[in-house]
């Protein structure tokens, strides 16, 4: 074998892999060898005689396999058969390798111009991965030429990043032995180039942890660095909860309001709209009496979660709370009903009817007195529960009817509307959010704008233009004044109501930012994206401080625990995940919903988590039993500390759009009645 052929094969391989420094060093070394050999006459024969035949065979095999597309099919098929026939103890870990190898084999074939072979390979093995990666496969179906790999953002990002896979040491050793023994050069090259193995000593991990052990398209290296940053997850200094605790959980008589608190007025109407409006005048008195008994319960024990949380200083200049609002909040906190796995909340469900699939979102004010709906016809409608209760007809939430003359009219009272119509957007309204005091309402739309409405003036106050594409979500901060938005333009933005330009822009997601949620201390926001990750951002610096990886589909909903330590995220597949913000780890996945999780809410003291889904159910989960487990157990199998499902509350045929716990721990829910559900 000629030495020059070997040299060319090595240089070609180094160029293909992009090892420029190694290539330069190799060529320099070869040049020095040639110079030294030229000074010694007739030394070429001795140099050739020293070449190891086995080494030559190995080197040339790296260049020969490049030309044959059938090698991808053959070697992947053998790897697949080997993985499926492995011992059950290690099989689930070895199977994790197949999906990223499958994806990169397909894209390598496309990149080399073997389009027909790539399609045949893709169609042969896609069924193996449709259960968990259907959306990814649907996107990659559109890759039909090498140029598509650069033009399609999803495919491009996969080729630029490495996949992270967790497995035990023994599984890792088994894989390496197989690859070397079978001389699977193609598979070995893809695995070396495209996969980062996170090898751990001991026994294989639980099969239940599979959701978070394979990370596709995630910048795993970046995530590990980012997740080392410190997150100050505690509550603000001198918060109202802390002040209430210092005063022994009571409000001085001189500070109490005359008459019933505002929420009491709302609660007397609760459940009047449950699935078609089972209501009536006698019910109001019964419900009010029931609430009166409930609010008399002592709720001082709920403050234990608050007092254990560390205290932090605000990074934003927060607005002063008016005295009357502060006293109202303290009164609500003092009368909060303590919830637990033995004491579940009352639920007030607001059902929209006759919407003809036009309702895109729903929002409920903090005390439940106002309910807003955003519609596909670009309108925003707000119902006042107190006024709705005065109607003589049915008291469900009417959407649209077929006849314009009778549109939005309830009962036989004539042409009076039972809601306030807010018009201004020029496209479907996708999100709405009430300010903490209920005086303002934010809405976002496909027209790329956000609008601020006054619920007292029933008018548009400001139009915020900063996004370039549809704005999927907008949320007021817990303190008011500031709000966050998320958009199809892959960014989230922080705003204040008194400025028409954003204060901060959070960029980093690889796809749409579908939902946004404020931390309890207003120092952080969380964003959920179609790239299947959740990110936590520092609002002061605009930096990403956590990347949460584990979901297998787009994230649709987020919720923060009241003490600021935990976060819940819900995705399109119906999975809810609970995260520890300080460590960035998933505490446990919550499996139970059969469709998209559109809304999540923690109870006031953080002991319960409510999830609302397109499967027409509300589920209540016991948070306390899981999060009270010492975090030193987090390295054990995830099945040891799964959240317990306490109760499933089915609706007749109403997908759940919104959930919200009031300060007194009454759970409000809203959705649109759907005959097809």
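Cβ atoms here come from the backbone N, Cα and C positions, even for glycine.
TrEMBL lists 33-49 with the feature compositional bias 'Low complexity'.
Taken from TrEMBL, the feature compositional bias 'Polar residues' applies to 296-308.
Summarising the annotation, TrEMBL assigns region 'Disordered' to 31-51 (among others).
Per TrEMBL, the feature region 'Disordered' maps to 244-308 (among others).
Annotated repeat 'WD' per TrEMBL: 352-385 (among others), in sequence order.
Break the repeat 'WD' (422-454) down by DSSP state and the numbers are 0 helix, 20 strand, 13 coil. Annotated repeat 'WD' per TrEMBL: 422-454 (among others), in sequence order.
Sequence-distant neighbours of the repeat 'WD' (464-505) (same chain, 6+ residues past either end, Cβ-Cβ under 8 Å): 316, 318-319, 321, 427, 430-437, 440, 442-452, 511-518, 520, 522, 525, 527, 529, 537, 539, 542. According to TrEMBL, the feature repeat 'WD' maps to 464-505 (among others).
Residues or ranges marked as repeat 'WD' in TrEMBL: 506-547 (among others). Panel annotation: around the repeat 'WD' (506-547), residues 153-154, 157, 217-219, 222-223, 226-227, 229-236, 312, 314-316, 318, 472-479, 482, 484-488, 490-494, 553-564, 567, 569, 571, 579, 581, 584 of the same chain, lying at least six beyond its termini, place a Cβ under 8 Å from a Cβ of the stretch.
Summarising the annotation, TrEMBL assigns repeat 'WD' to 548-589 (among others).
Annotation source TrEMBL lists repeat 'WD' at 590-631 (among others). The repeat 'WD' (590-631) scores a mean pLDDT of 86 in the predicted structure.
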